[in-house]
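These features come from Swiss-Prot:
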SIGNAL    1-25  signal peptide
DISULFID  Cys41-Cys331  disulfide bond
CARBOHYD  Asn48  N-linked glycosylation site
CARBOHYD  Asn111  N-linked glycosylation site
ACT_SITE  Glu130  active site, proton donor
DISULFID  Cys199-Cys242  disulfide bond
DISULFID  Cys206-Cys220  disulfide bond
CARBOHYD  Asn256  N-linked glycosylation site
DOMAIN    352-407  domain 'EGF-like'
DISULFID  Cys356-Cys367  disulfide bond
DISULFID  Cys361-Cys395  disulfide bond
CARBOHYD  Asn392  N-linked glycosylation site
DISULFID  Cys397-Cys406  disulfide bond
Amino acid sequence: MTQNIQMTEMYQIILFASILAAISATSADFKVVWEVPSIMCSKKFKINVTDLLTSHKILVNQEETFNGDKIVIFYESQLGKYPHIESHGDINGGMLQVSDLANHLKIARDNISKFIPDPNFNGVGIIDWEAWRPLWKYNWGRMSEYRDRSKDLVKAKHPDWSPAQIEKVAIEEWENSAKEWMLKTLKLVEDMRPNAAWCYYLFPDCYNYGGKDQPSEYFCKNDIQEANDKLSWLWKQSTALCPSIYMQESHITKYNTSQRAWWIYARLRETIRLSHPNTLIYPYINYILPGTKKTVPSMDFKRVLGQIGSLGLDGAIIWGSSYHVNTEEMCKEMKTYVKDVIAPVASTVIQNVNRCSQQICKGRGNCVWPEEPYTSWKYLIDPKNPTFKHTNISCKCKGGYTGRYCQIAP
């Protein structure tokens, strides 16, 4: 009994100190960003969700534009002259090794000025290049053509070389070219719009397509982690990381609730491992199951957003394509899902993340539950002001603060 009283008193003291410190501290900033072309619903069918979203603290571009003041995404045809191969032929030279990087950067500069006219843009900027991968070994399936043609380029210069020699140099030339293209493009957007958080969509990946009855079975394999370590140049230069944790229909049919949580945790765990202290992390999440017109089950949406928050991350990007809003029926379904699921869940998670930050982390970081990595999301989806116990929590500190509760100034 005495011990319980002492623990209660200690908690109250820490809580009071946290509230006092919060007066002058910077609040945790958990951002949920809307990246769905819902403007199509507004224009075609007079179905608007902006007020619903913004009233629940979800960030929406002004006038619902797909690219705007909160978020901008550059697809393959929108930033410079991105070289890649399509079924109907080569685009912008096809192969990185023989394409004009200088011209690409020149045109990209104009694209950036057009798409982001405000030099003080401080939203999230995403480069979405998916036609090839920078590491040789991951250009499989339809991407294997990049490997074949890279070897052809080397063989044309050195027809007397052995296949092993050709492949060795082809790998070096491909990976060096990919690094140069990705880094110089990233540096350009960061130089031109330095206040934004910049990332490449889908990076890092975990390729964790299988798993059974243990959480560790879903973790990124050692060889995947070693490959991701080879991209250290990308993690160092990126000011944000934007992995995908899209819920698939196969996840619902193949995995139970715990397994789905393990799968997502594994991908976020790898992102955290690779991130630098000041790197922001904004995972991409979805509300429509890819390849279908079915919405993500409401409990899964709650868990996913709660997981992101409970790992101390900076927010999430809710994505949807024009395909999801091209009929009145789809627009009505979107509005219903926003009203019943997205808006209340986002509002609750944002509020709980910020409240825990103020109470436990002095407003200098976000709460993390180290001993409950797979279930701590439940604390953040509770709309009834749950109690946060400092004994269960460590803080992911920001702004140079350190210590378990960010109590040590930089």
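Cβ atoms are placed via backbone N, Cα and C, with glycine included.
Here the structure is a predicted model, which means the values were calculated and not measured.
Around the Cβ of Cys367 (disulfide bond), the number of neighbouring Cβ atoms within 10 Å comes to 30. It is Asn48 that, of the glycosylation sites Asn48, Asn256, has its Cβ surrounded by the most other Cβ atoms within 10 Å.
In sequence order, Phe74, Gln78, Leu79, Gly80 are the residues near Asn111 (N-linked glycosylation site), counting only same-chain partners six or more apart with C-beta under 8 A. For Cys397 (disulfide bond), the Cβ neighbour count at a 10 Å cut-off comes to 22, with all displayed protein chains included.
Note on Cys41 (disulfide bond): other Cβ atoms within 10 Å of its Cβ, all shown chains, come to 24. Geometry remark: Glu130 (active site, proton donor) versus Cys199 (disulfide bond), CA distance 13 Å. Of all the disulfide-bonded residues listed (Cys361, Cys395, Cys406), Cys361 sits in the most crowded Cβ setting, with the most other Cβ atoms within 10 Å. Counting Cβ atoms from all protein chains shown, Cys220 (disulfide bond) has 22 others lying within 10 Å of its own Cβ. Not a single one of the recorded positions Cys41, Asn48, Cys199, Cys242, Asn256 has a C-alpha within 10 angstroms of the C-alpha of Cys395 (disulfide bond). Within 10 Å of Asn48 (N-linked glycosylation site), judged by CA to CA distance, lies none of the recorded positions Cys206, Cys242, Asn256, Cys356, Cys361, Asn392. Note on the domain 'EGF-like' (352-407): DSSP counts are 16 helix, 9 strand, 31 coil.
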